[in-house]
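Listed in TrEMBL:
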DOMAIN    24-299  domain 'Ribophorin II N-terminal'
DOMAIN    307-414  domain 'Ribophorin II second'
DOMAIN    422-545  domain 'Ribophorin II third'
DOMAIN    578-677  domain 'Ribophorin II C-terminal'
SIGNAL    1-23  signal peptide
TRANSMEM  589-613  transmembrane segment
TRANSMEM  625-645  transmembrane segment
TRANSMEM  657-678  transmembrane segment
């Protein structure tokens, strides 16, 4: 029987082929075109689409959105729109540079200043401050600077909590990580709207708040960092992606308008980048926007720019002798500063203490941009390994600008062809251990065996697996399956003893598990692993097993499994039973009955002759004669309809036809009778 790759191993190997930590790629650009419509429903949607297209360099799609978007911008800026609509109208205008009247911006600036200086919620302050910053950047002739910066600063700071999170308003005691990002971004706007030098003590207070917020950051085992949203009392709930994106916008905006260092570890900023890249391509437009914009902020932030080490492949075959390739980029795929990638060491997951590679520098390929390890060392065998990489920047000054993440652990899977040797199946006596039947198998071929045994015997099956370098290979799955002719299956796990895999089935102890079912069993072997290129499931043969009769209280075998697709198969043919036809009368009797039915018709004709019926009074004029002919044709049609009803028509069809003929007869009959009545009246008067 031909071998086939097992489902579990092949599916797992497919998952392993996914690239490791890739930057933004062409797939994101294709997804952006599909996720964002060219005619957004709101200004918020329009801004998100335009911002994503701008970051990804999709200028053509950006042009498609601009027409309707500018119209909505002008409508909102020239009306009493909500603070949120004004905020997003100004954001869209900041990208498209619509033809906005300077006087309209002055009126909006006055309204936003009034909102900022009045007691309001964090969202109102955020939209107002953000709107004033956008107006300042778009029109230098409009005075967007704040008069009382200290008061605005304190009104925002009053909503902060000791753990770095913020509240949405003084009436809402629940703190929120998402609100913290909004507050820090609003404080950055307040600093940029200060006409003079900002008090450095206020800047330091916000920096401490940012550091405290990073103290409660969440972490995965792979070095990924993210912020979780713990606020549950508001109307709108935000997930980890939205909360993390809000914080990234906040601290990068604050760093952009202030000087001095913000004491944030580079590994946490790199971990945030890994979080956004690790979610792949979101299927929701809002999540996609949060991902792309956050990565854009991390790409240009002043604190530390993360560098992403990626591998196009993490599965390598010994049979193909491929190269290990590593690439380093920024989160948006831009080229990094001059650097070297070193393979610090590599070890097998089964033997972490013994390194297979020690400190090797990868060669840089100028054309492809990859750092390449030409060949794996000869001691690399089939298995799962961890390669530890280090990014070394050439310029020492770049270490303050970029975050490399120190040692980066990457799982590498080396596949190969596993040799299967010394397969042997034996039937022996349970008490003496003497072999009754012993057969060798070529598991790489099509050998099958035919065996027989009883409950006083046991079955022993063993084989060996070796890697291309001759080492013992332990697969993830090795199963021995027995299937009874009634489709009852029994699966046994095969263990390893030293260099050999072996299973011993003592049928005397298995009679209850086998439900005392005697008869023919098919025996199959399944061996599979993600790194085993020749994983297989094959039929070994069959076993005729003689077991004792089941006791009365013994467990019954389960019902055979029902094929879920059988419901779509052909159904059983339904045989209908009809009532036997009733006995018909003799033919002579039927003819006599027909004659009796026709007698009235003959009597009718005789009666017409005796009464002297004739056509002497038939109208001679053209129109009355026509009506007369049509009337008699209608009468003939009714009689013919009776005949068809008797032969083939059903009652409903006959009634429909009779309705049409009846209306026709009423009309022509009325006309011809009116003519006869008029003629009679003239004769009497004459």
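Heads up, the Cβ atoms here are built off N, Cα and C, so glycines get one too.
With DSSP classes pooled into helix, strand and coil, the tally for the domain 'Ribophorin II second' (307-414) is 5 helix, 62 strand, 41 coil. Summarised by DSSP class, the composition of the domain 'Ribophorin II third' (422-545) is 4 helix, 76 strand, 44 coil. With DSSP states grouped into helix (H, G, I), strand (E, B) and coil, the domain 'Ribophorin II C-terminal' (578-677) comes out at 78 helix, 0 strand, 22 coil.
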